[in-house]
Amino acid sequence: MIIGVGIDIVEIERFVSWTHNVRLLRRFFHQEEIVDFFKNHMRAQFLATRFAAKEAFGKALGTGLRNMELRNIRVCQNGWGKPRLEVYGAAQAMLAATGGTHIQVSLTHEREVASAIVIIEGEPL
């Protein structure tokens with residue numbers, strides 16, 4: 001059963017300055033996302049899509065992102081490149097509180113914008 005759906009869109013240009021700010025990276029992104037970031041040649045786009053996914057996750061929860069650290073929401077990929085979300089700490093606790101057991105995520109981007117949609121599935125409590 002679908003518990004929640006969230007979508008977010010961001011301007012990629014907003015993240016250009018973030019590509020040179022390690023402090024911001026550590027604040028908003030999981031350590032493994034930062035490792036992947038440094039391997040990626042389209043860095044602002046990389047950050048924008050992941051940030052949009054984190055925002056979309058908060059919207060899908062129905063609570064927003066208050067009381068959780070964005071770095072505890074990790075965007076990663078399976079072996080075929082399909083994105084997936086892993087959540088830790090307060091983000092994981094909030095997911096469990098909704099009855100959520102599965103998270104679906106899709107990312108997309110164009111020249112100027114990046115977007116993400118998140119669907120939380122499970123059994124409502």
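A Cβ is built for glycine as well, from the same backbone N, Cα and C atoms used for every other residue.
Annotation source Swiss-Prot lists Mg(2+) binding site at Asp8, Glu55. Close to Asp8 (Mg(2+) binding site) in the fold, though at least 6 residues off in sequence, lie Ala52, Ala53, Glu55, Ala56, Lys59, Ser115, Ala116, each with a CB less than 8 Å from its CB.
Glu55 (Mg(2+) binding site) carries a helical DSSP state (H, G or I).
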